[in-house]
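So that you can see what the record holds, here are the features copied from TrEMBL:
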TRANSMEM  6-29  transmembrane segment
TRANSMEM  49-77  transmembrane segment
TRANSMEM  97-116  transmembrane segment
TRANSMEM  157-179  transmembrane segment
TRANSMEM  199-232  transmembrane segment
TRANSMEM  253-273  transmembrane segment
TRANSMEM  322-342  transmembrane segment
TRANSMEM  351-371  transmembrane segment
TRANSMEM  440-462  transmembrane segment
TRANSMEM  501-518  transmembrane segment
TRANSMEM  538-560  transmembrane segment
Amino acid sequence: MKLNLTTGIIPSLNVSAGLLGFFFVKSWAKFMEKSGMLKQPFTRQENTVIQTCVVATSGIAFSGGFGSYLFGMSSIVAGQSAKSIDAQNTKDPRLPWIIGFLFAVSFLGLFSVLPLRKIMVIDYKLTYPSGTATAHLINSFHTPQGAKLANKNSGQVLLLQLSVGFLSMVLYWWGWMWISNFPTFGLEAYENRFYFDFSGTFVGVGMICPYLINVSVLVGAILSWGLMWPLIKNRKGDWYSAMLSDSNLMGVQGYRVFLSIAMILGDGLYNFVKVLGLTIRGFIKQYKKMEVIPVTERGSPEKVSNSYDDEVRTKLFLKDGIPLWVSIVGYVAIAAVSIGVIPKIFHQMKWYYVLVIYIFAPVLAFCNAYGCGLTDWSLASTYGKLAIFAIGAWAGESHGGVLAGLAACGVMMNIVSTASDLMQDFKTGYMTLASPRSMFVSQVIGTAMGCIISPCVFWLFYKAFVDIGSPDSDYPAPNALVYRNMSVLGVEGFGSLPDHCLTLCYILFAGSIVINLIRDTVAKKWAKYIPLPMAMAIPFYLGPYFAIDMCVGSLILFIWGKLDKAKADAFGPAVASGLICGDGIWSLPSSILALAGVQPPICMKFLSRGTNARVDQFLSP
């Protein structure tokens, strides 16, 4: 949730969940065993089921839209948008309707692809890289040598980094808040948000994300805050009114937001077409081989396994079958309830809008799950953006099209996101010999937990931090403004853009497609050195500070790998998980303290951007 509300960059947490699940449950099992209350060992199958449940729960923090479409409905974000606040197009967060909405839409994705698990995992042998990596990690923990290593060294590293991350945030809150806003590279660079943030969360994320992602974010930050925004500011009074503040959408802020949207849409469209093409080509290859594509396990031809391990895995994976009627009845029943419930929550969202989404959703869920198996890239947010434009334009401006588009985004994102997550976990279960039925039940339980836990955690942030969602806040929720303005564009067209902004949008939209084409065709062997447009677009609105933190994380891991690659590979995930968890855990007590009115010493906040702005306003004549 903290990552959602700060940068919107959320790395794959499967490996972290597997590591944390092993360490904490293994420690608890040892305690129970010494007390004489536990006789059974902690198995890899149990570890896998725990990991599945945890990832399903935390996944709702992303697909629930607390940092994107859902918060984008609020009057806080609407006040910063290109469209003025309109009661018909705003809906402020409230726990009851958020929980009801998530329960209505979060389970459909699970039932939509459940019958296709054999096709994805066994027939097509899709790799699902994150799921496979998690399975290898869990399997290594449950060997005698791996268990000893994980128990002793990884556990110590995890606890140490978790403690460091937590204590650093306590010190930050107590009086060292200035250090996160220290002008590391000078005052002029600081004015353009180039400084080291000293955030354990972002350093940990940088250690988990591939080098290319981190470098791409930094390149995007330099391109935007180091080059484009200073040049556009020089056109103040020509391209936009000199009377507008930097946070006004008709001023420089509009260029930041809409140019970011252009790059995201260009990259999303390219990857959508690319993955769709790979999916169609995969089908053609299967048909050319004259392979039957079964819907259920019964009556389907058995493939000859390449190894004894594959035979054992396949036998166990098919043994715990889930009948086809369960998927069909589950999908239809939940869809029927959802079609009745969603228009009650959002009256702008007509029942036939929801019905049309549910007709096309299984196909898109399959495409996303298949593409994720090939590339490890979930396009859930891209499918959500397609729903924004389609439903928003259908509803129209006079019928609350902005809010309808955001709600449609939520419905679509939840379906396709949970579908790909389920298949990732099925791949992990296949590799660790876990029961598919247990995996599915764990996913359902985890999703239900997420539908309650995630809104409650978001509610803490929302009530505790009064400036949440504003550009100068510690929790700016950048994607919320981006998603809302996408919906505005879908409804109103391009009339709300500042001067010359549309031309620049065309250039960056085309540029992101060209960069991807170069990566995949002309310079394929050099692709690992070419930045990703989607990652480059993220700092356009936020600034470079978190990109610097993430690159520091990459640099730490790179140097560590050069000094001792074996230890870096073994303990890198533990260090990153500890930093993220230790930093993130402090968000809970800090929210409670803020709700109770307990504030840190103001004297140490002198370098905070928000405080400086308030002081400047107070001192101005």
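Using N, Cα and C of the backbone, Cβ positions are placed for all residues, glycine too.
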**Fill in**
Sequence-distant contacts of the transmembrane segment (351-371), meaning Cβ under 8 Å and at least 6 residues beyond its ends, amount to 108-109, 112-113, 116, 120, 124, 126, 275-276, 278-279, 282, 331, 335, 338-340, 342-343, 377-380, 383, 387, 391, 394-395, 404, 408, 411-412, 415-417, 419-420, 422-423
**Message:** Please report, as numbers and ranges, the same-chain residues at least 6 past the borders of the transmembrane segment (538-560) whose CB is under 8 Å from any CB of it.
**Reply:** 6-9, 192-199, 202-209, 211, 213-215, 217-218, 220-222, 224-226, 256-257, 259-260, 263, 476, 478, 481-482, 567-568, 572, 576
**Request:** May I ask whether the transmembrane segment (253-273) has at least three C-beta pairs under 8 Å with the transmembrane segment (6-29), counting pairs 6 or more apart in sequence?
**Result:** no
**Message:** If we skip the immediate neighbours and take only residues 6+ beyond the ends of the transmembrane segment (253-273), which ones have a Cβ under 8 Å from one of its Cβ atoms?
**Reply:** 80, 82, 224, 228-229, 232, 240, 246-247, 377, 379, 381-383, 385-386, 471, 481-482, 485-486, 489, 497-498, 501, 504-506, 508-513, 516-517, 532-534, 536-538, 540-541
